[in-house]
Amino acid sequence: MPIRIPDELPAVNFLRNENVFVMASSRASVQEIRPLKVLILNLMPKKIETENQFLRLLSNSPLQIDVQLLRIDSRESRNTPSEHLNNFYCNFEDIEHDNFDGLIVTGAPLGLVDFNDVAYWPQIQRVLHWAKEHVTSTLFVCWAVQAALNILYGIPKQTRQNKLSGVYEHQILHPHALLTRGFDDNFLAPHSRYADFPSQLIRDYTDLELFAESEATGAYLMASKDKRLAFVTGHPEYDALTLSGEYHRDYDAGLHPEVPFNYFPQDNPELPPRATWRSHGNLLFSNWLNYYVYQITPFDLRHMNPTLE
Ligand SMILES: CC(C)(COP(=O)(O)OP(=O)(O)OC[C@H]1O[C@@H](n2cnc3c(N)ncnc32)[C@H](O)[C@@H]1OP(=O)(O)O)[C@@H](O)C(=O)NCCC(=O)NCCSC(=O)CCC(=O)O
Ligand SMILES: N[C@@H](CCO)C(=O)O
């Protein structure tokens, strides 16, 4: 069912061309149901591409979702037109007194940047503490997982020697967990990060439940027992060509990137890759929306649950 977004957002036409059911605000406003309110803190360099990716996954659910895009970086964006940000993004001050059913904090290309050198580090700390009292469930993706583990659990930044880039096989750890309901025992998902998430670190220093992992990537999917926090260390939202774009970007920058693992046919970057994780990504977001947001969020958002334990 539909995501409710401004009629002029590029995703409206982009996703309609994929037969994705997008409901422009003009139509959604006449429906007599309470849409879910989902806030997306978009920290990715290619913000419009990232919008399309997450909105595609959020649209694949029977729930009407009112999506609000959030920015916390006041600096001029290098990769996104200011007009787009001014037209479609709100600032934290605009929504700090509101409550939301869900919050998604995207990845960011900051795996080699110390937390204190992140230009919006104070702002993201403020958002994560705000969310304890204003959001039913927050989903952290990739770099946002490392930021949240530091801000909420005090875990220092863990950085790999080499960038983990490719499509890896993972195993589910609990056959009846809600977040992995319907998952295959083994499933593929993309990773693109310097951040390191050893499963043992999660087990030793947090009370999070670990739901999926792999030997190559470490922890992939974990969540708090109260479902208020969910973490995915990969990029299930990625399009087929996103890893290719990152590889060629870094190759052209003379950074000698390794060819992404298990991605290009015959490991040849000149051959078109295929998406082997799309069904996983759709199911993960449907499970999060259903069991971590819709089933536990209060009908009246003014009655938000108390803060996290
Ligand atoms: C940052 C990238 C990856 C992207 O190339 P670009 O030319 O687009 O870089 P850029 O425009 O300077 O930065 C991309 C976006 O990151 C933001 N950005 C850069 N440095 C920042 C900082 N200190 N604080 C806050 N934001 C920062 C920029 O504002 C920009 O967002 P706006 O467009 O809004 O201005 C590249 O410069 C690079 O460093 N590549 C080699 C190393 C690498 O692969 N890094 C990414 C590893 S993968 C990763 O980091 C994932 C997370 C993880 O590993 O934990
Ligand atoms: N991995 C992405 C950043 C978000 O994970 C990149 O290389 O730009």
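Placed from the backbone N, Cα and C atoms, the Cβ positions cover glycine too.
Note that this is a predicted model, so its numbers are computed, not measured.
The feature site 'Important for acyl-CoA specificity' is assigned by TrEMBL to G111. Look at G111 (site 'Important for acyl-CoA specificity'): DSSP puts it in coil. The C-beta environment of G111 (site 'Important for acyl-CoA specificity'), restricted to residues of the same chain at least 6 apart in sequence and closer than 8 Å, consists of W143, Q146, T159, K163, R193, Y194, A195.
Neighbour list (C142 (active site, acyl-thioester intermediate), Cβ cut-off 8 Å, at least 6 residues apart, same chain): T106, G107, A108, H191, S192, R193, A195, V232, T233, G234, H235. According to DSSP, C142 (active site, acyl-thioester intermediate) sits in a coil region rather than a helix or strand. Summarising the annotation, TrEMBL assigns active site, acyl-thioester intermediate to C142.
As annotated by TrEMBL, substrate binding site applies to K163, S192, R249. With a 10 A radius on its CB, R249 (substrate binding site) counts 14 other CB atoms from all the protein chains. Mapped onto three states, the DSSP output places R249 (substrate binding site) in helix.
For the recorded site, S192 (substrate binding site), the DSSP three-state label reads strand. Marked as site 'Important for substrate specificity' by TrEMBL: S192.
According to DSSP, H235 (active site, proton acceptor) sits in a coil region rather than a helix or strand. What TrEMBL records for H235 is active site, proton acceptor.
What TrEMBL records for E237 is active site.
Residues within less than 8 Å, Cβ to Cβ, of E237 (active site) and separated from it by at least 6 positions along the same chain comprise T50, Q53, F54, R56, L57, V141, G281, F285. Counting every protein chain shown, 20 other Cβ atoms lie within 10 Å of the Cβ of K163 (substrate binding site). Filtering C142, K163, S192, E237, R249 by Cβ distance to ligand 2 (under 6 A) retains the following recorded positions: C142, S192. Working note on the recorded positions S192, H235: by count of other C-beta atoms within 10 Å of each C-beta, H235 ranks first. Max Cα-Cα distance over the annotated substrate binders (K163, S192, R249) is 14 Å. Cβ proximity to the substrate site centre (mean Cβ of K163, S192, R249, cutoff 8 Å) flags the following additional same-chain residues: P109, S165, L243, E246, Y247, D250, P257, P260.
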